[in-house]
Amino acid sequence: MSDKVLVIGAGPNRIGQGIEFDYCTVHAVWAIQEEGYKAIIVNNNPETVSTDYDTSDKLYFEPITLEDVLNIVEKERPIGVLTQFGGQTSVNLTVPLAERGVRVLGTDPDDVDRLEDRDRFSKLLKKLGIPQPESGTANDPEEAVEVAEDIGYPVLVRPSYVIGGRAMEIVYDEEDLRRYIEEAAKVSPEHPILIDRFIEGGIECEIDGARDEAGNVLIPGIMEHIEEAGVHSGDSACVVPPQTLPEHAQETVLEYAEDIAEGANVIGLINIQFVYDPEEDEVYVIEANPRASRTVPFISKAVGIPLAKIGTKAILGREIPEVLDEMGLEPPDGDPGIVAVKEAVFSFEKWPGVDPVLGPEMKATGEVMGIDRTFGAAYWKAQLAAGHELPLEGTAVISVADRDKPDIVPIARKLQRLGFDLLATRGTASHLREHGIECEVVRKVSEGSPNIVDLIREGEIDLIINTPTEGKDARRDGYAIRRAAVKFKVPYITTIAAAKAAVEAIELVKEKGVTVNCLHDIHKGDWTPREVKPEELTRYGG
C-alpha cells in the first residue's frame, strides 16, 4: 500500500487567496510527515514556503488544474489527495477529482458540495433549524428585481462561486440593482446572481474549527469582525476574543458551528461565518467553507493551537483530544488571556485608480496582527504593523454620510477631549455643532479651494474619518479625499466601527502607553513587559 499523501497548494497569490493558505499547506505537510507518511505538494508559486526544496518529500511545480493533478496522481499513486488547504482553488477540484475515481481525504466530496451549493446548504440549515438571511437566486435581470423586492432592500448581490467577494455589492434600490447587473455581472442561467438580505448594523463573526471521524469538534475561538456587516471578511479587522458580541450570541455561534460540522459530516477543517442582528437578537449563518480559511494562521497564533496541523491529523484518522494531549495543549475555554487583533494590509498606493473604501469586494493583499491585554493597545499595534501610525495629537478631518452622523458624535467628542483640532465638511460640521462640538468647516473638493485635499497635500491633516456617501459629487469628493490620504500617507478611516476602535486605541495609548512583549513569553503566560513610549515606536515596529 502507498504511504504518500498529495497536498494541493493555493497557486499564485492574488486578492482573496494569499500566503495564509501556504501556512496551512505547510502545517498540513508537517502533520502528514509526523504521522509517518510521505508528503507530496503540487503548487506553482515560487514565493512560498511550500515550494521550498526541503518542505515536502516531493514537490511538483505544476499548474493547479484537474489535468495536471490527475497526471500526478497517476504517477505517484498516493493513498489520497488533500484539497482543504489551498483555498477555493484546491476545493474546486474536490468534486471533479472524486468523479474520476481519486480518493479525496477528509470531508466527503458530496458533503463538500452540500456546503458549497447554496440550495443544498439552505436545506441543511433548515433541517438543523438554523436561521440564515433570506436569499434568492436570479437567472435574468427581471427575476433579480423581483427577488430583491421580495427580500426587501438593502440586499447583497454577487455572482455565484467567487473568490474574495469579487463583483459583490450592497444595493439600496432597484436603480442600484439594475446598474450593478449592467456593469458588474452578466446574469444568465449559466451565471446566476445570488441575492441576500443585508443586515444593517449587524455584527459579523466567524469561526475556524476542526472535526474528526469520531465527532469531536475543536473551535479555538470566535473572531469578531471590527467593521460592520457588509465589509468583506478578508478586509475587515477582527478581534479575539469578541468585544461587543453578547455572551448568549457567542454560545449560539458555537452551538450552530458544532451542529453544522456534524450535520455535514465534516472531517478536517471548516470555516463558518455568522452575523448577529442586535435588533432581532438573532444569529444568522452566512456561509460555511469546508476548508482552511485565511484566518487559520491568525486564530492559531492568537490562542497557541496549530489548527491546520490538528485538522490534518484528524483527516488521517486521529482523534482530536488525543492529538491535543500529545501536543501538551488544553482544549480552549474561549478566553485566550490576551486580546489579538488582525488587520488587513492594502496596496492602494500601487493602484492609482482604486477607491480605498471598504465594502463587500475584497481588496486586501495581506494581514498583520497585534497582541496585548487590552483591545485598544492590540488595535494600535495592529495599525502600526499595517503601516498606519495612529496620531496621538493634531488635526482630524471628519466627513461622513447622513446615516453615520448620529454615530460620529461620541467619536468626535472623544477626539476633541483627547486634544485634537476638528475640521468637518459643512453637513457634518452642522450636525456636530448641534450636539455642542466645536469644529471648523472645511470645503469639499467640489466646493473650490482651499479644500480638504489641499490641506492633506500641505501636511496639515493628521487623521481622516470619511465614510462613503451617495450621489455623484459626493462619491467623487470622497474618492479624491481617500486617494489623497493614500498618496500623502495620512491615516484614513472609512467606517464608523473602525473610527470607534481607532479612538479607543488612541485614548489608551495616550493615557497608559504601550508595552512590547515576546510572543513566546505571552503563550507561557509571562507578561513581563518592556515599557515603551509611543514616540519610540516607528511605523515599522518597535
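Every residue gets a Cβ built from N, Cα and C, even glycine.
In the record from Swiss-Prot, residues Arg158, Arg197, Ile199, Glu204, Gly230, Val231, His232, Ser233, Glu287 bind ATP; the candidate from Gln243, Gln273 listed for the same site is Gln273. Computed over the domain 'ATP-grasp' (122-316), the whole-number mean pLDDT of the model equals 88. Counting every protein chain shown, 20 other Cβ atoms lie within 10 Å of the Cβ of Asn289 (Mn(2+) 2 binding site).
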